[in-house]
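Novice: Below: one structure in structure tokens.
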Amino acid sequence: YKLSVSPEMDIMEYCRKEWRGNTPVAKTMRKGYEAVAQKFACIRRIRGDNYCAFRATLFQALSQATQLPSWLQSEDFTMLPENLLNKYDWIKQWQLKQKPGNKMGEISDEIKEYLILLRKKWKNISEIKDPIEKQEACDKLFKNEEEEYSLYEALKFLMLNTAIELYNDDKNGKRVPVFSWLLFARDTSSNPCQLMHNHLNHIGHSGGLEQVEMFLLAYALQYTIQVYRLYKYSTDEFITLYPNDPEEDWPVVTLITEDDRHYNIPVRMCQETML
């Protein structure tokens with residue numbers, strides 16, 4: 001039994017414990033953590049498997065959710081798997097978590113269940129008014145491995161859906177965000193089918209999210225993901241936004257990374273920052 005999201009710890013105490021030496025890297029990290037500590041009092045460590053970007057983003061989104069996002073409310077949200085499978089035969093090769101070799105009908109039903117679970121959890125948690133109770137509900141959800149991993153499968157499928165929309169928009173001459181060109185400019189993902197085979201199917205198994213996929217996740221959730229990239233301290237990339245030109249009405253979640261591979265979360269915004 002592993003904790004998915006560890007309890008809060010003072011951010012500077014954590015930094016002192018992790019970065020003791022006098023190497024240039026340790027000094028940069030300490031400076032980075034000091035800057036984060038101007039805004040946030042504590043850090044919560046995120047369990048380090050290949051799902052940590054999903055885990056950190058979703059935990060933060062649910063922790064501050066006060067309503068169900070509009071895309072989760074739409075009538076046809078749970079029909080997505082069926083609709084996409086009718087159009088794109090190759091989605092049959094979607095890699096379900098630890099269930100290889102599923103037949104088409106099963107894949108569609110399975111993903112539909114994950115999407116229904118995502119909507120249900122988001123709705124329940126967003127309706128909790130008391131902040132302590134809300135936090136407890138999030139902690140509880142992220143201790144239930146079966147549900148937690150089902151939610152990540154839902155997120156992955158939403159990323160695929162978003163990628164298909166962006167790809168088609170670009171082909172039809174519509175304006176698409178710059179990251180979408182970068183996503184499909186990779187040799188390994190020149191179209192959504194390749195993206196699924198070479199990237200999305202591997203997330204959580206043999207790899208995490210690459211930078212360009214952080215943009216895709218942000219678009220799929222319609223959230224701005226703000227990341228303190230500590231090793232980039234004192235450069236323009238120290239605080240990176242995915243997407244970098246976010247829609248004004250998108251909520252913001254904040255993560256911390258030391259290396260663009262593993263993500264933790266800052267919590268407890270300092271009082272003066274909130275005012």
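From the backbone N, Cα and C atoms, a Cβ is placed for every residue, glycine too.
Take a look at what TrEMBL says about it:
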- D49: active site (ACT_SITE)
- C52: active site, nucleophile (ACT_SITE)
- H262: active site (ACT_SITE)
- E237: site 'Linear diubiquitin binding' (SITE)
Novice: Can you give me the same-chain residues 6 or more apart in sequence from the residue listed as 'active site, nucleophile' with a CB-CB distance under 8 Å?
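Specialist: The answer is I46, G208, H262, Y263.
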Novice: Out of D49, E237, which of the recorded positions has the smallest number of neighbouring Cβ atoms within 10 Å?
Specialist: E237
Novice: What Cα-Cα separation, expressed in whole Å, is found between E237 (site 'Linear diubiquitin binding') and D49 (active site)?
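Specialist: E237 (site 'Linear diubiquitin binding') to D49 (active site), Cα-Cα distance: 25 Å.
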Novice: Would you count the other C-beta atoms found within 10 angstroms of the C-beta of H262 (active site) for me?
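Specialist: Other Cβ atoms found within 10 Å: 18.
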